[in-house]
Amino acid sequence: MEAKININDSGNTELLPSKKEESSRKLLWVDISHFSELWQFLICSLVVFIFFIPYGYLQEAIFAIKGFKPFGWYLTLVQFFNYSIFGLIESQFNNTQRRIPLVLYLLLGLILLGSMGFSNASLGYLNYPTQVIFKCCKLIPVMIGGILVQQKVYKAIDIVAASCMCAGLILFTLADNKVSPDFNLIGIILISSALFCDALIGNFQEKMMKKHSASNAEIVLYSYFVGFVYLLFILLISGQLRDGTEFCIQNPVTYVYIFLFSLSGFFGVQAVLALIRTCGALVAVTVTTCRKAVTIVISFLLFSKPFTFQYVWAGLLIVLGIYLNVLGKTNQFDSKMIFMNSNKVFGNLRKRRKSPMIV
């Protein structure tokens, strides 16, 4: 039977382990609760940018190495291995005990493998900005999954937001097809598959964490290790393990890039979780979306690639969709209230026109 704990209760603190964790508000295992709310937000946001901007740069730099593009799945294998090691170290440091059954981790590891594996593999066929643009549009598969699986009914603003994102994605893809000589439809299929897995991961992780009260360290350790075992078996059979290892041994700087890529990603995830605990998921989504926008700009500045202004218009449509999505989640978008306010404004304007002008 699942026990429900009221975290606002000031009674027995032994029954409230999450209360202490919530009040401490740690960022990368450093207590920041003595700062004001504003400074906590600024510090967490800064750390998100510090780690995830190098993450995006290193990911593109890895695929910029001549001959590496076919080894996106091998990159995922090494990344999962590094994440497992980092998660093991964190679990040993925090004395983390497994609470979620291994059977559920078999499913989570498979979904996680699809999310990160398809995402990495897509860079062998797409420009990095196109991949990031697709990753910004998680709302679309989430809404589709919610309608098909949970029979959810979404608000009009969510539908408009998803429509803007779809239009922006179509324009961005057409622009990429027009100016990029290496454009391949396989890349779109791969990144779309990654988005589908992303839509499943969030709901699945949230359900497991709530039901079993699992820690972030446990989720990271077991899910990435299971994904690593899956992918190791697949690459052994396909022969890509040998090919990828030989390539990286011949180009040892690749392993250095992958390690730094994995390290920045692991710390970036910890910073995002701290931001969620401090300011909520809505603020965290806004900050990470801004980070992705900065990453796209840096990509165009540091890596040579064709450019067209159609990228700008498509990007603005997607930004509008993200903004509407955020606005809808704040429950501030109320059409009735807007209609009433509009009538009030126009009523005041009519009164002013009828009243004599005072000089």
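Along the chain as shown, residues are numbered 1 onward.
Each residue, glycine too, has its Cβ placed from N, Cα and C.
Per TrEMBL, transmembrane segment is recorded for 38-58 (among others). Sequence-distant contacts of the transmembrane segment (38-58), counting only residues of its own chain at least 6 positions beyond either end whose CB sits under 8 Å from a CB of the stretch, comprise 25, 27-28, 32, 128, 132, 257, 260-261, 264-265, 267-268, 271-272, 274-275, 278-279, 283, 287-288, 291-292, 294-295, 298-299, 302.
The annotation transmembrane segment is assigned in TrEMBL to 70-90 (among others).
TrEMBL lists 102-126 (among others) with the feature transmembrane segment. Sequence-distant contacts of the transmembrane segment (102-126) (same chain, six or more residues past either end, CB-CB distance under 8 Å): 59-60, 63, 69-70, 72-73, 75-76, 79-80, 135, 176, 182-184, 186-188, 190-191, 193-194, 196-198, 200-201, 204-205, 208, 219, 222-227, 229-231.
Summarising the annotation, TrEMBL assigns transmembrane segment to 156-175 (among others).
Summarising the annotation, TrEMBL assigns transmembrane segment to 181-201 (among others). Long-range neighbours of the transmembrane segment (181-201) within the same chain, counting only residues 6 or more positions beyond its ends whose Cβ lies under 8 Å from a Cβ of the stretch, are 108, 111-112, 114-119, 121-126, 130-131, 134-135, 137-138, 140-142, 144-145, 173.
Annotation source TrEMBL lists transmembrane segment at 221-241 (among others).
If you look up TrEMBL, you'll see 253-275 (among others) marked as transmembrane segment.
The feature transmembrane segment is assigned by TrEMBL to 282-303 (among others).
Residues or ranges marked as transmembrane segment by TrEMBL: 309-327 (among others).
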Using a Cβ-Cβ cut-off of under 8 Å, list the residues of the same chain that are 6+ residues beyond the ends of the transmembrane segment (156-175) and lie near it.
130, 133-134, 136-137, 139-140, 143, 188, 308, 310-311, 313-318, 320-325, 327-328, 333, 335
